[in-house]
Amino acid sequence: MLHNPTGKERLALAFLLGMLAILGPLNIDMYLPSFPEIAKDLSASASLVQLSLTACLVGLTIGQLIVGPVSDAQGRRKPLLICIFLFALSSLFCALSPNITTLVAARFLQGFTASAGLVLSRAIVRDVFTGRELSKFFSLLMVITAVAPMVAPMTGGAILLLPFATWHTIFHVLMIIGFLLVLLIALRLKETLPLEKRIPSSIGTSVKTMGSLLKDRSFMGYALTVGFIHGGSFAYVSGTPFVYQDIYGVSPQVFSILFGINGLAIISGSFIIGRFGGIIHEKSLLRIAVITAMIATAVLLTMTMIHGPLATLVISIFIYMITIGMVLTSTFTLAMEKQGHRAGSASALLGMLPLLLGSIVSPLVGINETTAVPMGAIMFVTAVIGSLAFFGLTKERVGQNS
């Protein structure tokens, strides 16, 4: 069993867990540049294409709720191997989809199986690290994970430039990544949850564990904070392919760059937490992040209402994504530090809420395909609600932590 690894072993674990964690972002972001092509090829509306993203998010949500508790009972390694293998197969099903209905169904399966990478990478970190090392490794994992939203759409756009490539090719690439990850897990990942720390598996036990988490006021405060603020970012994920390309007229490759630079924003936000977390309490940094998120999205909404220059949208979203990096890193650290044996279930709930909200808001962005206002409005409202959750449900700890 691993415990607080150092040196090369630590770096190897960071790489492996980072690869698992980015499976979700790759699954979400890599095919975004092909949205207009998918709509044309499958004779589908923008909202129907966005529904394929919603299906993926629903799959990620439900999958985490199942995989998390199962891993608390069965260990991390076996469920991970099974799910990632099935992810590779479901990616092939996506590539072979002849119509939008089949693609939506295949995307649900793809999201469901990819959920293991998200939830179990975090649970493994909690198994292996404690205290300040837990916070530092979460920050490192977030930096690795943040590269995916930057690289994924660029990779997707680059793939579409190949003379033989279509949107199907992107899913073939995801299939190959899945099979490579299966080999990596089988060869390099040790079990991190010892038998004596496992929770007996049953529906009743899973419900009881989730119930205890839902009653934990502080935990739910952090969960709802990341749920709404990060969940609202999926309005940007599903909206910008059409806003940037159809409303502002940029090419798929330029869109990929504009979308991808926000990975740098997430990295910057995560770096701020990792760099200053030992000097300023993470809750104080989180407070700054949620306030900044409200301000940035208020500016974004204003710019969409007056049809401001593209640069104003890009800058507002970049600042907003810095706060996403801060919120993701700090909320997971603050929420997970006391979860111990129920880390898998806690990780599942933390990962589920943003995806659940994202699955709701994604198709709403396409209600009016001629304006970016729905995207801006959704991002602003979710930032406000997330901030209210933070200030309302975690305030009992402000005195002792700040």
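Any Cβ shown, glycine's included, is placed from N, Cα and C.
What Swiss-Prot says about this protein:
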TRANSMEM  11-31  transmembrane segment
TRANSMEM  48-68  transmembrane segment
TRANSMEM  80-100  transmembrane segment
TRANSMEM  108-125  transmembrane segment
TRANSMEM  140-160  transmembrane segment
TRANSMEM  167-187  transmembrane segment
TRANSMEM  219-239  transmembrane segment
TRANSMEM  254-274  transmembrane segment
TRANSMEM  286-306  transmembrane segment
TRANSMEM  308-328  transmembrane segment
TRANSMEM  347-367  transmembrane segment
TRANSMEM  373-393  transmembrane segment
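The stretch with the most CB contacts under 8 Å to the transmembrane segment (11-31), chosen from 48-68, 254-274, 308-328, 347-367, is 48-68. For the transmembrane segment (48-68), same-chain residues at least 6 beyond its ends with a Cβ under 8 Å from one of its own Cβ atoms are 24, 27-28, 35, 38-39, 42, 79, 83, 100, 103-105, 107-116, 118-120, 123, 210, 234, 237-238, 344-349, 351-352, 355-356, 358-360, 362-363, 365-366. Comparing 108-125, 140-160, 254-274, 308-328, 373-393 for CB pairs under 8 angstroms to the transmembrane segment (167-187), the maximum falls on 140-160. Pairs of Cβ atoms less than 8 Å apart link the transmembrane segment (219-239) most often to 347-367, out of 140-160, 254-274, 308-328, 347-367, 373-393. The stretch from 140-160, 254-274, 308-328, 347-367, 373-393 that makes the most Cβ contacts under 8 Å with the transmembrane segment (108-125) is 347-367.
Here the transmembrane segment (254-274) has long-range neighbours at 29, 32-33, 135-136, 139-140, 142-143, 145-154, 156-158, 240-241, 244-245, 282, 285, 289, 314, 317-330, 333, meaning same-chain residues at least 6 beyond its ends whose C-beta is under 8 angstroms from one of its own. Long-range contacts of the transmembrane segment (347-367) within the same chain, counting only residues at least 6 positions beyond its ends with a Cβ under 8 Å from a Cβ of the stretch, are 45-47, 50-51, 53-55, 57-58, 60-61, 64-65, 67-69, 115, 118-120, 122-123, 126, 210, 213, 222-224, 226-228, 230-235, 237-239, 242, 331-332, 335-336, 374-375, 378, 382.
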